[in-house]
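Engineer: According to TrEMBL, the protein carries these features:
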DOMAIN    4-101  domain 'Thioredoxin'
């Protein structure tokens, strides 16, 4: 699937939809983001049924702050509305592929149970 742009207006609705979504928060001004972009696009192309969103943290500073995207690129994987994986900095293609596989195979009932009782302390 090709990548699409996420904004503050579309983010919540998009990531809370049923299923998995991969998100990359990046800055076109940062070399690390520019060097990771082809890797992200390549992996997106090999997963036609999986949404791959991008967030330009320069254009969406409030959303970037909400995601604590202080280092870019920040790769996030959501499933059924929950953030299940995240990685900072440019990651190799194989690591991104493994994140996707792990997210798709994750036992969501057990994952939700593991989150019970956690606080933001």
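Using the three backbone atoms N, Cα and C, a Cβ is placed for every residue, glycine included.
Any TrEMBL annotation is an automated prediction that lacks curation.
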Engineer: If you run through the domain 'Thioredoxin' (4-101) with DSSP, how many residues end up as helix, strand and coil?
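Structural biologist: The domain 'Thioredoxin' (4-101) comes out at 38 helix, 27 strand, 33 coil.
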Engineer: Looking only at the domain 'Thioredoxin' (4-101), what is the mean pLDDT?
Structural biologist: 96
